[in-house]
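Here the structure comes first, spelled out in structure tokens, and everything after it is commentary.
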């Protein structure tokens, strides 16, 4: 049922009449309304005069158009919002429908001032809404998060792909590689927008599609550029293209120039055999992130065969968009059973995919095992790149010599093909952009699911294990592997050399033909180390552990070897390597992340015994974020570290323990480990979550450090943290006192939590005194000072079983046979305390201090503490303790 048309009339400034006339077509196309400029109110109206405007259309559309017109005529806010340049395709791609939907949804006027910069103007509410949307887009783009449900994720990818291909332009490929969460947000923005303001006027709809760039305003004048200039800019942009479009054009040129050349599939089948098994191969296709974006590119064997069949029905002509539409139609015809693949198949396909890019199988399996096969392929690619770089750097350090044969291989002219695609002449950003799209294109190669040691098209970082006498046979094969140094990955990436100049060679990950090919290991593939006496079968086992890939000519030699014999006495390192996983490298260096994950494999259980604690200890306030990040080596938020710290103070007798952690840390995050400890501590009432919430994708979180200081101030407790709270020193006097005297620092040695014996330095109190409540000692001071020659700070004061307590609080001398774990807190001993009440009853009441003595003590204290802040405190102490005559005891009270 069509919406009832309404008529609305309102006024606008007369000087905006020209702007409204120029923007009429764009406003009508955006909101599906008819706009009429009626004229001025009258000559008697004082300047500036206003003119009448009339809107006709659906009620909601008229309301939105009215808000938009008010915003461009009398804007309340004018803001500029930045975004990553890689997100430029969102605002100009898909015929600018996303930008139009954003304007329709917020009623704010958006114009692209430059790549990475948007101009926003309109009413205050509209500008705030538009900025919130854009900031949320940026957040989703930078986080690259997956959707919680894999089925929902595939549906979002399919719908977004169909939507983008229906409005295809030069930015289609860039839109298809956006993160899935951002795709879902864009679909939500555009869903129903086309039908919301639909009026049935075909001309209006056609104008919305054809005049996509007319609404782009000039940043200097605020007016729309003319249609002729827009057309010229559009043609210039089509000619210039993007890194993705340039790569696609080069691929089209290569394939169109050599139509008879087909890429040999990895499974080694002929084209006829491949056509017969086409259905079986389709069932093995994995609909991953890369697959959903654009399947069956031009250099896929399946696509070449389908292009011959569909030549009469559709004209492909190297058009990427037509190819994408064929792929989407083909994927829709597949049944749900065919689309679903097992986890093992997905894992094998993902491993083979990264192997074709030139990475070793060990590194790929290691990274996938850590992050999981459901992670975004781009994130996996980044981690594999980092791991490969670390591995190659470590291997370069172990390489002893450089062999002169590298100069021979350099001059063999392997990269002399005119059709090869290199990135030497492109800038760095273009290289990175091209690499992402090369990932998408290589994902379409028809590789088999079964993992093999090495196949014809498999590009793996390998050691050369070919004997010298067999080298000429290998160089005579149809595809040769040359070990070259990759300047971007700092690693070895074998390059494929084709005997025919017509074939295309793809340089792996931006490798250059000018880079010297330096084999980091000798020709026999063994490390430059003194070897023990081993049989040949043990050597081959070592080579397999190193990830070697031997040539087909060396396979018969391996098959004739005898079965391996156990040699625990001769080679313990080999037996250890066998017990390790297949992804472990014997010569790879250990990283902090690896060591941390190894410690997580050791089980730990938080056990707090149900027994009474001590009442003389201060409240313990733990900075949970600081403790967790420290235990996680500044890379992970380790909840185990918080549990270890709580258990440490619980064993000391503390029962008043509070841990503060931001609430957003309880969400699912791969960098937050063992979150069940947070749940356990929260159930015990030890964990307190500081408030945090999400508003339009932006996190609004309270500062947890303020909660720490507030609680320590109210309870007189100690804050366990390594933070110095420098920004809160001047907040208040009480907070400064907490930061100065009540911060307990710590350290972790693996899973061992350690605190210092002297938290305030060598001249400060010991740990047991630091942890005790101050009220216990303060109540004793008047009584002890009244006793003859007995005082807390008197050198003659002795506690049985301990040393004399001096003002310097020097630690007691360690005994020769004492254990080395001196960092553990010592239990305080006060055997004199029970005898104090009876002692007080037998002694006469001491005489009160005279006014002269009070003045002398006050002057002496003012000389010691000249600050004006402490003068008031000195007067309060002297009034509160009229019997106290000991200057040392009074000084201690001032310091407290």
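Every residue gets a Cβ built from N, Cα and C, even glycine.
Here the structure is a predicted model, which means the values were calculated and not measured.
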226, 416, 589 - residue that Swiss-Prot labels as phosphoserine: 226
Feature phosphothreonine, as given in Swiss-Prot - residue among 242, 690: 242
Residues flagged as region 'CoCUN' in Swiss-Prot, choosing from 753-800, 849-896: 849-896
Per Swiss-Prot, the range holding region 'Disordered', considering 801-821, 822-842: 801-821
Region 'Disordered' according to Swiss-Prot, located in which of 347-374, 375-402, 403-430, 431-458: 403-430
Candidate set 300, 550, 588, annotation phosphoserine, source Swiss-Prot, matching residue: 300
Helix, strand and coil counts within the region 'CoCUN' (849-896) (DSSP): 36 helix, 0 strand, 12 coil
Arithmetic mean of per-residue pLDDT over the domain 'RNase NYN' (617-769): 90
Residue counts (helix, strand, coil, in that order) that DSSP gives for the domain 'KH-like' (59-143): 56 helix, 18 strand, 11 coil
